[in-house]
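Taken verbatim from TrEMBL:
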- 89-122: domain 'EGF-like' (DOMAIN)
- 124-156: domain 'EGF-like' (DOMAIN)
- 158-191: domain 'EGF-like' (DOMAIN)
- 193-224: domain 'EGF-like' (DOMAIN)
- 226-258: domain 'EGF-like' (DOMAIN)
- 260-294: domain 'EGF-like' (DOMAIN)
- 296-329: domain 'EGF-like' (DOMAIN)
- 1-25: signal peptide (SIGNAL)
Amino acid sequence: MSSYKANDILLLVSLLLVSVTFLCADDTYRNRRAGICTVEVPTIQLLSEHDRKGPIPLGNGSRPTLSKIDVCCSGYARVPHTYYGCEPICDKKCENGNCTAPNVCTCKKGYIHDPIELHKCIPECPIGCLHGVCTVNGHCSCDSGYQLSPNKKYCHAVCAGGCGANGECVEYNRCRCKAGYVLDPVSKNCVFHCEGGCANGAVCVAPNTCACKQGFLKQGSGCVAACPKGCNNGDCIAPNTCKCKPGWTLDKTGTNCEPHCNPECLNSICVGLNECACRKGYVRDPRISANRCVADCPGGCPNGQCSAPNFCICNPGFVKESKGSQNCVRRT
Ligand SMILES: *[C@@H]1O[C@H](CO)[C@@H](O)[C@H](O)[C@H]1NC(C)=O
Ligand SMILES: *[C@@H]1O[C@H](CO)[C@@H](O)[C@H](O)[C@H]1NC(C)=O
């Protein structure tokens with residue numbers, strides 16, 4: 001055996017790994033030692049270039065020309081700095097675990113496999129036991145001031161006496177009102193409120209919920225007073241309260257605003273503050289004040305005067321030319 005050099009063998013073994021993989025596939029060659037497979041190779045391949053020229057020694061393989069040697073099984077790699085130790089290869093590095101077989105990670109105690117990325121191991125306790133530590137059996141061990149949940153997976157703060165229906169214990173003996181609630185300084189209870197308050201005409205009726213007051217109606221994001229019977233030409237300033245513009249007054253029904261004209265409108269109707277609109281058949285006379293309208297005779301009134309819509313009265317000494325005519329002629 002003097003012709004074998006340990007270093008040569010190792011070099012050859014690594015070179016041969018590829019060429020002998022087919023032999024390794026046979027389970028009967030697989031050694032009990034983890035990751036080490038025994039393969040048979042032609043003895044001549046184990047000899048140095050020089051020794052190959054001499055007589056080839058008998059090998060210990062199944063045929064005299066073959067020798068049995070140990071190699072790392074597929075999926076395993078030689079442990080650095082050892083002759084025969086082989087370790088499994090995990091393509092992705094195991095996190096919180098050891099690579100115990102090719103592409104198999106075994107989790108540390110207290111860790112379980114990440115359901116998606118199998119090479120990762122995650123603590124057995126959910127969210128890593130906030131306010132506590134995860135113990136090996138997957139249960140939390142809570143910090144002082146915190147209480148273990150019945151399923152032993154969470155730690156809850158403890159508040160002596162509780163925090164009431166609308167509060168929650170956030171820290172040892174410290175309560176906080178739930179969202180939409182504030183502490184009432186008098187009763188020391190959490191009472192609902194509406195953050196930022198409610199718009200005009202609205203009241204807070206539930207946590208962060210405003211509703212229109214009685215007599216108000218929803219309009220856009222706010223509420224407006226409602227005058228269901230009406231408020232013509234006026235503003236509904238409060239429920240069932242109609243307010244007229246200056247110069248207008250509310251009628252007896254309380255639902256209509258009527259304008260006022262001073263002086264009164266003549267042959268016209270008051271339609272706004274001191275604003276007269278001529279009745280049909282009348283026109284505004286620019287020579288007279290704005291509240292007056294005069295009868296309109298579209299064809300004019302020769303020798304007469306327009307006294308009513310399209311009706312002329314003849315001047316003294318004149319008479320109508322004919323019946324129904326608006327022309328006045330000198331009496332003969
Ligand atoms: C068979 O021979 C090889 C080469 O000489 C040697 O390394 C190996 O240990 C031997 N195996 C057995 C089972 O004797
Ligand atoms: C993982 O490997 C380390 C270092 O080799 C060892 O100390 C530990 O016991 C191993 N853990 C498991 C679960 O095999």
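The backbone N, Cα and C atoms fix where each Cβ goes, and this holds for glycine too.
With a threshold of 8 Å between CB atoms, the same-chain residues lying at least 6 positions outside the domain 'EGF-like' (260-294) that come near it are 245-249, 306, 308-310. Note on the domain 'EGF-like' (89-122): its mean pLDDT in the predicted model is 90. As a summary of secondary structure, the domain 'EGF-like' (260-294) carries 0 helix, 16 strand, 19 coil according to DSSP. Same-chain neighbours of the domain 'EGF-like' (158-191): 144-147, 206-208, counting only residues six or more beyond its ends whose CB sits under 8 Å from a CB of the stretch. Listed by sequence, the residues of this chain that lie at least six past the ends of the domain 'EGF-like' (193-224) yet keep a Cβ under 8 A from its Cβ atoms are 178-182, 236, 238-240. Taken residue by residue, the domain 'EGF-like' (296-329) breaks down under DSSP into 0 helix, 14 strand, 20 coil. A Cβ distance under 8 Å defines the sequence-distant neighbours of the domain 'EGF-like' (124-156), meaning residues of its chain 6+ beyond its ends; these are 109-112, 169, 171-173. When Cβ-Cβ distances below 8 Å are used as the criterion, the domain 'EGF-like' (89-122) is approached by residues 74-77, 134-138 of the same chain, each at least six residues removed from its ends.
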